[in-house]
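**Q** Annotated region 'Disordered' per Swiss-Prot: 1-21, in sequence order. The annotation compositional bias 'Basic and acidic residues' is assigned in Swiss-Prot to 8-21. Per Swiss-Prot, transmembrane segment is recorded for 40-60, 87-107, 124-144, 173-193, 211-231, 262-282, 294-314, 332-352, 365-385, 404-424, 441-461, 483-503. The Fe(II)-heme a binding site annotation in Swiss-Prot covers H85, H405. Summarising the annotation, Swiss-Prot assigns Cu cation binding site to H268, Y272, H317, H318 and lists a curator's inference as the type of evidence. The heme a3 binding site annotation in Swiss-Prot covers H403, and the record cites a curator's inference as its basis.
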Amino acid sequence: MATSAAAHGDHAQDHGHDEHAHPTGWRRYVYSTNHKDIGTMYLIFAVIAGVIGAAMSIAIRAELMYPGVQIFHETHTYNVFVTSHGLIMIFFMVMPAMIGGFGNWFVPLMIGAPDMAFPRMNNISFWLLPASFGLLLMSTFVEGEPGANGVGAGWTMYVPLSSSGHPGPAVDFAILSLHLAGASSILGAINFITTIFNMRAPGMTLHKMPLFVWSILVTVFLLLLSLPVLAGAITMLLTDRNFGTTFFAPDGGGDPVLFQHLFWFFGHPEVYILILPGFGMISQIVSTFSRKPVFGYLGMAYAMVAIGGIGFVVWAHHMYTVGMSSATQAYFVAATMVIAVPTGVKIFSWIATMWGGSIEFRAPMIWAVGFIFLFTVGGVTGVVLANAGVDRVLQETYYVVAHFHYVLSLGAVFAIFAGWYYWFPKMTGYMYNETLAKAHFWVTFIGVNLVFFPQHFLGLSGMPRRYVDYPDAFAGWNLVSSVGSYISGFGVLIFLYCVIDAFAKKVPAGDNPWGAGATTLEWTLPSPPPFHQFEVLPRVQ
């Protein structure tokens, strides 16, 4: 193959056109139209943003380690860290890693496509993100609250705290940052939908697609339908702040609760956007290391479709405390609990996939099993919070923080690490150190559980969220939680060392290091795959 490619290159030079030439050096990445290079840039970006977001969370836990103000003597800065940590982890870590990174890398490979449908649009989808991230970081250095820098309104940006409460320009920077991140995701969503519907290899019907591709398809539909609503909401906030409109200002006939409705109509689909690609990755990994096909493939695919659909009609369960009618609350309680059904289908299908399988506990598999266990814990506390009467007491306490961190910090992040170790040999051609990867898992597992399990107790005791200080009664579990965050931080260092170690030792991985269980198309290609794959489309039986 190399010979024919070289001969073709000589021939093309004679004619002054070489379809196979691609830019090298920095141009290869800055001008990239290659889904693998763009996916790699997304993953590197996600790691950088993730380290920054994790550093902020460790600063938050360092502050809360003891009662009294420890390090945030300008107490507004504590809320800036809370806000930035949330926005960074959601928009610049989880989404770029799962959708931009693994999605770009493996959707074309898994459906037998040569690339994405719109390669140049793919490029700007990525490059909008560093600009967006830059704007968010800039917001922390300009005035927000009077006499203090940065946005301290929480990632939810509730008015009036984000309007009259932040007269400085910081919130405007954050709004423009979110606009760019949203534009990036909408363009990416259009690209994925077009690619998955139009570029599948012959024989690759929708019902033969790998579940990871299904998960990305559902996810990008959620993005396409929910992000424009967020864009509308934050544009209205921008005009309320700068151009005299009163969408959310009661003195002009507006309603601050309208902002919450618009925000959460985006925000609830968003949390499913964060977890659905993880579901897809876990399905591939559990199947691979159990050496058998996923149990209930069609049920798994349509469970994700159902989760995506119902996810759009439950948004006000974030708003039980704003004074909705009992009938409205009753509807949102019931609708929210219905989501537990397709989610349960997925949990039990993963367990059924492992049942009777020839299981091999390599690093990706232990991350996946950890995901299933911890995501289930997070799901159970979610069913608790779905009850409006219970939520009245637990709303804005650490019980809510514990709930969503169990599905995100111990759910989505575990899925990302599972996917990282699963596909790292395919992306790089190098094998990681199994011992380091397992050490990374166990240190992280112990750390994150120490951080977030005690927060359920704090919430049940009534400790509210987003406060820099707290009564002495809450000191014990906060100390445990903060120690856990340092352990988790050490886990991140093990991860970074594991990556450096793999690139230093360069142990060749082979085309398929996982054996007979790995049945999707990417394992038929070399590791790493060629710059252009599937120039002759594969045929799927």
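Including glycine, each Cβ sits where the backbone N, Cα and C put it.
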**Q** Taking residues 6+ outside the transmembrane segment (365-385), which of them lie with a CB under 8 Å of any CB in it?
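**A** Distant contacts of the transmembrane segment (365-385): 275, 278, 282, 285-286, 288-289, 317, 336-337, 340, 343, 347, 350-351, 354, 359, 391, 394, 399-400, 402-407, 410-411, 414-415, 417-418, 421, 438, 441, 445, 448-449, 456.
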**Q** Quick one: pull the CA-CA distance for H268 (Cu cation binding site) versus H405 (Fe(II)-heme a binding site), whole Å only.
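**A** Given the Cα positions, H268 (Cu cation binding site) is 15 Å from H405 (Fe(II)-heme a binding site).
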**Q** If one measures from the C-alpha of the residue listed as 'heme a3 binding site' to the C-alpha of H318 (Cu cation binding site), what distance in angstrom results, rounded to a whole number?
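**A** Spelling it out, the Cα of the residue listed as 'heme a3 binding site' and the Cα of H318 (Cu cation binding site) are 13 Å apart.
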**Q** State, in range form, which of 40-60, 87-107, 211-231, 404-424, 441-461 has the highest count of Cβ pairs under 8 Å to the transmembrane segment (124-144).
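**A** Selected stretch: 87-107, with the most Cβ pairs under 8 Å.
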**Q** Can you list the residues of the same chain, besides H268, Y272, H317, H318, whose Cβ falls within 8 Å of the Cu cation site's Cβ centroid?
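**A** The surrounding set, listed in chain order, is W264, G267, P269, V271, G311, V314, W315, T336.
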**Q** Are the transmembrane segment (294-314) and the transmembrane segment (441-461) close enough to be called in contact, which here means at least 3 C-beta pairs under 8 A that are separated by 6 or more residues?
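**A** Contact absent: fewer than 3 Cβ pairs fall under 8 Å.
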**Q** In the same chain, which residue numbers or ranges, 6 or more beyond the ends of the transmembrane segment (441-461), come under 8 angstroms Cβ to Cβ?
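**A** Hits for the transmembrane segment (441-461): 61, 363, 366-367, 370, 374, 381, 394, 397-402, 405-406, 409-410, 413-414, 417, 473-474, 477-478, 480-481, 483-492, 494-495.
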**Q** Quick one: do the transmembrane segment (40-60) and the transmembrane segment (404-424) have at least 3 Cβ pairs under 8 Å, skipping pairs fewer than 6 apart in sequence?
**A** no
